[in-house]
Amino acid sequence: MGNRSMGREDTLGVLPSLLFCKMLRFLKRPLVVTIDINLNLVALTVLGLLTRLWQLSYPRAVVFDEVYYGQYISFYMKRVFFLDDSGPPFGHMLLALGGWLGGFDGNFLWNRIGAEYSSNVPVWSLRLLPALAGALSVPMAYQIVLELHFSHCTAMGAALLMLIENALITQSRLMLLESILIFFNLLAVLSYLKFFNSQTHSPFSVHWWLWLMLTGVSCSCAVGIKYMGIFTYLLVLSIAAVHAWHLIGDQTLSNICVLSHLLARAVALLVVPVFLYLLFFYVHLMLLYRSGPHDQIMSSAFQASLEGGLARITQGQPLEVAFGSQVTLKSVSGKPLPCWLHSHKNTYPMIYENGRGSSHQQQVTCYPFKDINNWWIVKDPGRHQLVVNNPPRPVRHGDIVQLVHGMTTRLLNTHDVAAPLSPHSQEVSCYIDYNISMPAQNLWKLDIVNRESNQDTWKTILSEVRFVHVNTSAILKLSGAHLPDWGFRQLEVVGEKLSLGPHESMVWNVEEHRYGRGHEQKERELELHSPTQHDISRNLSFMARFSELQWKMLTLKNEDLEHQYSSTPLEWLTLDTNIAYWLHPRTSAQIHLLGNIVIWTSASLATVAYTLLFFWYLLRRRRNICDLPEDAWSHWVLAGALCIGGWALNYLPFFLMERMLFLYHYLPALTFQILLLPIVMQHASDHLCRSQLQRNVFSALVVAWYSSACHVSNMLRPLTYGDTSLSPGELRALRWKDSWDILIRKY
């Protein structure tokens with residue numbers, strides 16, 4: 001026993017010394033950490049940052065569309081609701097993030113282009129994110145070309161073209177969204193290519209999932225910045241669908257494996273983008289909870305969900321409309337203007353300008369402002385009283401009602417008389433008894449459009465209703481036409497008999513509401529001016545607010561169809577247009593959105609060259625003549641699908657758009673052409689040049705071409721950065737096309 005105990009003690013004493021000796025031997029070896037650094041990527045990133053961040057705060061003045069985006073940033077800083085029909089809110093929130101990081105309080109009057117920024121505006125921070133996005137697009141172009149299996153030299157060529165292209169530099173140095181959109185477009189393409197290339201050797205690995213999910217996230221971000229982002233999203237979805245179709249035909253994969261692949265792609269490329277898109281709007285609506293200048297575009301229910309504004313006015317209103325209720329009725333359509341059902345003592349003219357006669361009854365219009373004459377009383381046709389019973393008797397779907405104008409006590413009426421501006425519809429009026437053979441026709445059936453059951457009650461703000469005339473089945477409708485001077489330019493209201501469905505112009509909702517208690521007219525008039533008393537909460541769900549906001553953004557039309565610098569898609573290809581962004585108030589220094597004409601023209605020629613070569617190869621392959629090895633052919637086809645497809649999807653839809661278009665709309669399409677240009681050059685060198693001499697000559701021509709592109713970029717630099725005041729002669733020398741609008745001061 002004693003020997004065993006001694007043995008244990010010896011062992012315990014030896015173990016620490018053995019461990020110590022091993023640690024000493026470990027420390028004698030050098031600790032080596034290997035890091036692969038692509039110096040090309042580092043150099044391109046540094047150069048991209050230098051070209052985009054250099055003197056970023058200059059000019060310290062509002063440049064072109066900064067006047068609009070700056071307003072939206074101020075709204076975010078002050079939590080004020082706004083509506084911008086140009087795109088979803090993610091891009092605006094990114095710009096606002098720059099303002100928040102710089103400590104911007106939102107106090108600046110964004111009223112004109114060229115206005116000097118006050119000291120409280122962090123110009124550098126506001127322009128930082130677009131500049132970073134523009135800078136990082138340069139190394140991303142390099143990586144995309146590498147992932148397409150072309151050479152490092154070709155990848156460097158694409159990145160350098162992105163680096164020196166003047167229009168891309170200008171657009172990324174300002175508080176604008178195009179550079180951020182291009183960044184996420186390229187990130188979506190790069191992520192998908194990395195995912196696709198990892199498919200063969202490591203499916204379902206961490207990297208595989210990372211790149212697949214990042215593809216969906218990038219696509220969602222692109223769409224969330226501008227609706228134009230959906231074009232690149234469709235490009236990625238199309239290529240992914242083709243690859244998935246090939247995957248289904250792969251007999252080496254089991255059914256479970258194929259199903260797993262398809263589910264992974266569906267989640268990453270469909271579910272994730274939809275979720276993120278909704279998340280952008282959720283954050284947007286959570287931030288903008290205060291009433292703002294665009295409230296009236298939205299429905300009453302939406303307005304009531306905002307702090308202040310209508311929420312303040314409608315706070316405490318009864319929820320259910322009852323017989324005897326005093327209400328204002330707002331048109332749900334909001335087109336051409338948000339307006340309320342209105343009447344006044346003036347009558348329709350006996351004879352209209354076109355010689356037609358009228359009923360000479362009291363005018364009924366839709367008035368785009370709050371007014372005491374917008375109030376109506378919901379009357380039970382079987383009772384004479386205009387007060388609410390105790391307890392109130394709610395109005396339900398299908399009930400017959402009369403609408404009494406609050407200030408004149410005349411009843412809403414329609415009859416078989418043509419409306420003043422819409423002769424195919426009936427005139428709507430408030431009935432005046434002239435003791436002639438024209439009886440009152442003032443009964444209306446309530447139709448709750450968004451009812452859940454036929455027993456639904458008419459609710460303030462929430463219910464969308466139609467008024468169907470009992471005698472003629474005409475529906476109360478806002479025609480949208482402006483009445484002449486005798487109607488004070490207010491909007492025409494008609495009775496529509498040819499209705500095919502519940503159009504928005506026929507739908508109304510109660511915005512302001514109170515229970516009438518006064519038996520005499522003077523008492524009722526006092527009530528119309530008095531505040532409400534009951535408090536009913538009307539918080540809209542997120543999906544209801546999102547649906548309405550999205551619909552308004554898609555259907556809201558800007559009436560400005562012409563602009564000094566608007567252009568057509570055909571002018572973009574040959575760079576026949578430019579945009580003067582900013583002019584120094586005292587010197588001739590100016591900033592223009594003007595592309596590098598060498599790059600733009602060459603990119604268009606490369607697109608034509610690729611298309612011709614592709615169809616030539618395709619025809620020859622049909623004849624079983626393969627000019628390219630299979631690997632080279634597949635790389636050539638994928639490059640064309642991405643670059644030509646990306647260019648076409650981001651360019652051709654503009655021919656179908658009826659809206660103002662500007663040169664910057666072409667920039668996302670241009671980036672895909674720039675990626676294609678060096679690819680076509682490498683293809684020409686590798687497969688079209690037959691001898692080494694031809695390759696050497698072609699390489700020399702490419703170097704000369706790159707030098708000319710750099711020379712043009714340097715010549716246009718004063719118009720890109722706006723930091724140099726040129727003489728009138730120098731400015732005229734830069735006007736290489738008659739269509740370019742270079743600003744020359746007259747001294």
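Glycine is treated like the rest: Cβ placed from N, Cα and C.
Under DSSP, residues within the domain 'MIR 1' (318-381) fall into helix, strand and coil as 3 helix, 30 strand, 31 coil. Annotation source Swiss-Prot lists domain 'MIR 1' at 318-381, citing sequence analysis.
Annotated domain 'MIR 3' per Swiss-Prot: 453-513, in sequence order, evidence recorded as sequence analysis. The domain 'MIR 3' (453-513): residue composition by secondary structure is 6 helix, 27 strand, 28 coil, according to DSSP.
In sequence order, the list of same-chain residues 6 or more apart from Asn435 (N-linked glycosylation site) whose Cβ falls under 8 Å from its Cβ is empty. The N-linked glycosylation site annotation in Swiss-Prot covers Asn435 (among others) and is backed by sequence analysis.
Residues or ranges marked as N-linked glycosylation site by Swiss-Prot on the basis of sequence analysis: Asn471 (among others). Neighbour count (other Cβ atoms within 10 Å of the Cβ, all protein chains): 15 for Asn471 (N-linked glycosylation site).
The N-linked glycosylation site feature in Swiss-Prot is assigned to Asn539 (among others).
Residues annotated as transmembrane segment in Swiss-Prot, with sequence analysis given as evidence: 30-50 (among others). Long-range Cβ contacts of the transmembrane segment (30-50) within its own chain (Cβ-Cβ under 8 Å, at least 6 residues beyond either end) map to 132, 134-139, 142-143, 152, 155-156, 159-160, 163.
Under the heading transmembrane segment, Swiss-Prot lists 90-110 (among others), citing sequence analysis as support.
Under the heading transmembrane segment, Swiss-Prot lists 121-141 (among others).
Among the features that Swiss-Prot reports, transmembrane segment is placed at 176-196 (among others), with the record citing sequence analysis. Remote same-chain partners of the transmembrane segment (176-196), defined as residues 6 or more beyond its termini with a Cβ less than 8 Å from a stretch Cβ, comprise 64-66, 69, 87, 91, 94-95, 129-131, 133-134, 136-137, 140-141, 143-144, 147-148, 168, 207-208, 211-212, 214-215, 218-219, 221-222, 225-226, 228-229, 232-233, 235-236, 239-240, 243, 642, 646, 650, 664, 667-668, 671.
Listed by sequence, the residues of this chain that lie at least six past the ends of the transmembrane segment (205-225) yet keep a Cβ under 8 A from its Cβ atoms are 87-91, 94, 177, 180-181, 184-185, 187-188, 191-192, 194-195, 198-199, 232-233, 236-237, 264-265, 268-277, 280. What Swiss-Prot lists as transmembrane segment is 205-225 (among others), and the listing cites sequence analysis.
Residues 87, 181, 184-185, 188-189, 192, 196, 199, 215, 219-222, 258, 261-262, 265, 269, 273, 638, 641-642, 645-646, 649-650, 653, 665, 668 of the same chain lie 6+ residues outside the transmembrane segment (228-248) yet bring a C-beta within less than 8 angstroms of a C-beta in it. According to Swiss-Prot, the feature transmembrane segment maps to 228-248 (among others), an assignment based on sequence analysis.
Summarising the annotation, Swiss-Prot assigns transmembrane segment to 267-287 (among others).
Summarising the annotation, Swiss-Prot assigns transmembrane segment to 597-617 (among others) and lists sequence analysis as the type of evidence.
Distant neighbours of the transmembrane segment (636-656): 144, 148, 150, 185, 189, 193, 228, 231-232, 234-235, 238-239, 242, 569, 572, 607, 610-611, 614, 617, 628, 665-666, 668-673, 675-676, 679, 683; these residues of the same chain sit at least 6 beyond its ends, with a Cβ under 8 Å from one of its Cβ atoms. Under the heading transmembrane segment, Swiss-Prot lists 636-656 (among others), citing sequence analysis as support.
For 660-680 (among others), the entry in Swiss-Prot reads transmembrane segment, with the evidence type sequence analysis. For the transmembrane segment (660-680), same-chain residues at least 6 beyond its ends with a Cβ under 8 Å from one of its own Cβ atoms are 137, 141, 144-145, 148, 150, 154-155, 157-158, 161-162, 165, 167-168, 171, 176, 178, 181-182, 185-186, 228, 231-232, 558, 560-563, 565-569, 571-572, 577-579, 593, 595, 599-600, 602-604, 606-607, 609-610, 613, 639-640, 642-648, 650-651, 654.
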Inset, instruction - Name the range, of those listed as 90-110, 267-287, 597-617, that has the largest tally of Cβ pairs under 8 Å with the transmembrane segment (121-141). - result: 90-110
Inset, instruction - For the transmembrane segment (90-110), could you work out the same-chain residues 6 or more beyond its ends whose Cβ comes under 8 Å from its Cβ atoms? - result: 62, 66-78, 84, 117-118, 120-122, 124-130, 175, 177, 180-181, 221, 224-226, 280, 283-284, 287
